[in-house]
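Visitor: Taken from TrEMBL, the feature transmembrane segment covers 17-38. Annotated compositional bias 'Basic and acidic residues' per TrEMBL: 73-83, 92-101, 125-134, in sequence order. Annotation comment: TrEMBL describes 73-142 as region 'Disordered'. TrEMBL lists 105-123 with the feature compositional bias 'Polar residues'. Here TrEMBL flags 153-274, 287-420 as domain 'C2'.
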């Protein structure tokens with residue numbers, strides 16, 4: 001009986017020992033977890049990263065102490081305003097002396113000026129050098145002239161061209177733009193990006209990324225176009241459109257650059273180029289073209305049949321002289337759009353033939369509160385489609401639009417077609 005009692009006593013002690021070890025293990029794991037959390041918290045509080053999160057660009061360091069913020073990403077406008085207000089007039093004048101014609105701060109070099117440099121120097125530079133001997137009135141006139149020149153100039157675009165004979169590819173590198181005007185009047189800066197199109201086919205359309213709050217954007221983006229024979233390079237034209245991104249409305253057009261490649265020799269390697277950005281050649285509102293439409297009101301079924309037939313003499317949407325038009329049809333009831341349709345896109349033509357029919361259900365009796373709007377647009381894959389012209393038909397419409405609508409109401413079940421002049425979009 002004694003061995004049996006000893007074995008029972010041993011079995012009774014085992015749960016006690018297991019409980020003690022598990023309690024010690026639980027206390028150890030909780031303390032270890034608390035220690036790890038404290039270490040992480042202290043490391044996070046002590047960690048002060050010396051950099052800001054930015055897009056990593058080709059050849060650009062992300063640390064701000066190595067960046068020229070004015071050139072790469074744009075300086076902070078608030079800090080610039082505080083620095084300008086805090087500095088005295090003399091130091092501000094010395095800073096202005098370092099600017100060039102475009103208002104930029106060039107890189108500091110120890111190069112001596114020769115006679116050619118003196119001849120190419122601007123009048124403003126000479127006037128500021130000899131400011132002690134120049135009267136205040138002459139200084140005012142010089143600064144006013146320089147401000148007028150800045151308003152007229154839209155900046156300079158720098159890019160390079162190259163042809164890869166092994167891959168039969170045309171390579172365009174958009175490097176940077178300098179001296180862009182400020183499109184945002186509040187922050188006095190811009191959010192620029194560039195759209196590039198190869199003319200005249202307009203098959204190749206690309207655009208750069210948007211760089212925020214800078215007037216000297218450094219894009220450094222390379223675009224490679226395959227399948228373009230070297231013999232056809234001379235027949236092409238590059239069209240650069242410089243824009244400023246606007247989140248709440250249509251993007252602002254800063255200007256454009258047109259580069260005909262006739263006479264350009266790319267067989268010897270990469271060709272570096274720079275061109276002045278010029279104001280965009282905006283279409284005049286006098287000639288928006290004409291649109292032929294046919295309408296028929298079915299009083300029995302209370303439907304309106306609309307046929308978009310043709311468009312002619314459409315203005316060119318860009319420097320290529322070719323548009324890709326299509327027509328958007330909107331039906332309004334009491335000035336509220338209730339239905340919309342659109343035609344197919346017709347490629348590269350100012351005289352488009354659509355011949356497309358649409359049937360709209362009229363929610364009320366009669367056409368008194370009904371109006372219909374035709375929007376002729378130019379299809380563009382790279383950006384928003386531009387409105388070429390507009391036509392409105394209804395009881396309150398003026399001119400041929402009102403006359404056409406009156407005939408539709410007077411002669412139901414009859415298809416009536418008319419040409420209409422397009423108005424500004």
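Cβ coordinates are placed from backbone N, Cα and C, and glycine is handled just like the others.
Bear in mind that TrEMBL entries carry predicted annotations, made automatically and left uncurated.
From a predicted model like this one, the values you see are computed outputs, not experimental measurements.
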Visitor: Should anything in the same chain at least six residues away from the transmembrane segment (17-38) have a Cβ under 8 Å from its Cβ atoms, list it; otherwise answer none.
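Guide: Sequence-distant neighbours of the transmembrane segment (17-38): none found.
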Visitor: As a quick check of your reading of DSSP, tell me how many residues in the domain 'C2' (153-274) are helical, how many are strand and how many are coil.
Guide: 6 helix, 62 strand, 54 coil
Visitor: What are the helix, strand and coil residue counts for the domain 'C2' (287-420) according to DSSP?
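Guide: Counts, helix then strand then coil: 11 helix, 68 strand, 55 coil.
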